[in-house]
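Copied from TrEMBL, the annotated features are:
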{"type": "TRANSMEM", "residues": "7-28", "note": "transmembrane segment"}
{"type": "DOMAIN", "residues": "10-513", "note": "domain 'Major facilitator superfamily (MFS) profile'"}
{"type": "TRANSMEM", "residues": "48-68", "note": "transmembrane segment"}
{"type": "TRANSMEM", "residues": "75-95", "note": "transmembrane segment"}
{"type": "TRANSMEM", "residues": "101-123", "note": "transmembrane segment"}
{"type": "TRANSMEM", "residues": "135-156", "note": "transmembrane segment"}
{"type": "TRANSMEM", "residues": "162-183", "note": "transmembrane segment"}
{"type": "TRANSMEM", "residues": "203-220", "note": "transmembrane segment"}
{"type": "TRANSMEM", "residues": "232-250", "note": "transmembrane segment"}
{"type": "TRANSMEM", "residues": "271-295", "note": "transmembrane segment"}
{"type": "TRANSMEM", "residues": "337-354", "note": "transmembrane segment"}
{"type": "TRANSMEM", "residues": "366-385", "note": "transmembrane segment"}
{"type": "TRANSMEM", "residues": "484-508", "note": "transmembrane segment"}
Amino acid sequence: METGFTKWIIVITVVMCCLLELIDTSIVNVALPKMMGTLSATQQEVSWVIASYAIANVIVIPMTGFLAEQFGRKNYYLFSVILFTLASMACGQSTNIWELVFFRFVQGVGGGALMATSQAILIDTFPPEQLPLGQALFGMGVIIGPTIGPTLGGYIVDNASWPWIFYVNVPVGILATICTAAFIRDPERIKNAVRRPIGQIDWLGIGLLIMGVGSLQYVLEQGESEDWFESPLILVFTLLTVIGMVGFVWRELTAKQPVVDLRVLGKSRNLSVGAFLSFILGFGLFASVFVFPIFCQRILGFTAAQTGYLLLPGALLTGFMMPIVGKMIQGGVSQKVMLPVGFVVFFVFSYWMSTQISPTAGESDFFWPLMLRGFGLALLFLPITTMSLAGLSGKDAGQAAGLTGMIRQLGGSFGVALVGTYIERSMAQNRIGQVSHISLYDPETQQRVQGLVASFMAKGADVVQAQRQAYAALEGMVMKQTALVTYAQTFLMIGSFFLLCIPLILLIKRPKPGVKVDLNAAH
């Protein structure tokens, strides 16, 4: 255990690295249109800038425990920070879309290690009685990172060029590299760990993991744009997902030295429940961050920076609440009390957002709902994490941390994919409903069209032009109303998943008296 000044330098270093990795999951979203123009890329091609990073991330995260043990945690962490920093520089220097996609994949390989390994380092930095505080600091990065990404990205895109969304990582990465080299040390169990010979490494498990999880991430990222199972490519990757995941599960349950020990799920019912709740948490976190900026920019005409600034206060509230929630858990408040409150709060946020959606909505209409979102996330992340890992020790805790991290990331990808598809399909269905209420023989419709025609004629259009413009304007009104209904339904759909999770809390087992979350051997 570290003490005093060194402990807090380590805390700053790992939270900084965690923020770097998670901000980069969402910072590029607002810059995609600029990239399309500069790199002469199609929307389909530029979507790979996001997909390649996510695929690399989700492959590496579950292997971090094995890699840290195999190469030494400090060595692996230092390598990952350097790789992430160099890849960030290379992304900014890219001159064509596929060069950028490649370096984003490399950046994802480096970034995938930062989150899970940062958590393990924090665990070793704090004594057992202060573990909730360490987890709270880690949670600040997990929740705040994806939220402030659009804010930072929007500001940079509005005031500089898109390469700077990658260049801003470089000075922070250099500082993190120096601090990692100077202050972070491996605990004795890592120093004394037996390194596996090349021939004893679970190469088959690694290959099946890459095939299964990588293919699944591709399907989730690209499914909507490829029209899902209408695309032969999506069908092929779905088949690879099934083969890879089934093979991976079989291999890891039967191998003597698995790269990811799935047997840990059978050792703790709380971990199994926590893994599912982590999936839902990732779903809500990323889906809400995905849908809100789209609504604000496409329907209300907000800039990327405006949208980002709206998300910022809620993220800051989450950061403020995390240590408080940690102290509450440390003081004996049960996760079985916090979790239902958190799920209900997130549902109320979703319902409130659905009622605020209107063509005249302004920034002030979203402030308090988004603050409520930040409060709800603070009540969910730390209780889910501590509950999932309660009673586990040694390698089991490390494997569990990697698994829950991967599942949370997949939940986020699933949330974005589901929301994107839901919006597209609901827009089509809701438009049919809106149009069915409009008839050119309806006096109210005729009056509206005549008023529009008169308005356009007053601006200099002839009768034919004015009628054409009037019908186009009427179509625009229908589409806008359709979009408003669709986005309101989308927020309700996101919230309903959280409400449906509440009964699962009954499955959580209370830890035996005196049992602590032994994370000291994680990774």
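Note: Cβ is positioned from N, Cα and C throughout, glycine not excepted.
Values in this document were obtained by computation on a predicted structure and should not be read as measured data.
In this chain, the transmembrane segment (75-95) does not touch the transmembrane segment (337-354); fewer than three CB pairs sit within less than 8 A of each other, excluding pairs fewer than 6 residues apart. Here the listed stretches are 7-28, 232-250, 366-385, and the one with the most C-beta pairs under 8 angstroms to the transmembrane segment (48-68) is 7-28. Within its own chain, the transmembrane segment (135-156) has Cβ neighbours under 8 Å at 11, 14-15, 18-19, 21-31, 115, 118-119, 122-123, 162, 164-165, 168, 285-286, 289, 293, 303-309, 311-312, 314-316, 318-319, 322-323, 325-326, 374, 377-378, 381-382, 385-386, 408, 412, counting only residues six or more beyond its boundaries. Sequence-distant residue pairs (6 or more apart) of the transmembrane segment (162-183) and the transmembrane segment (75-95) include at least 3 whose Cβ atoms are under 8 Å, placing the two stretches in contact. Among the listed stretches 203-220, 232-250, 271-295, the one sharing the most Cβ pairs under 8 Å with the transmembrane segment (7-28) is 271-295. Under 8 Å from some Cβ of the transmembrane segment (203-220) lie the Cβ atoms of residues 51, 54-55, 58-59, 62-63, 234, 237-238, 240-241, 243-248, 251-252, 255, 258-260, 406, 410, 413-414, 416-417, all in the same chain and six or more residues away from its ends.
Same-chain neighbours of the transmembrane segment (75-95): 17, 20-21, 24, 39, 64, 67-68, 103-104, 106-107, 109-114, 117, 121, 163-164, 166-167, 169-170, 173-174, 176-177, 180-181, 184, counting only residues six or more beyond its ends whose CB sits under 8 Å from a CB of the stretch.
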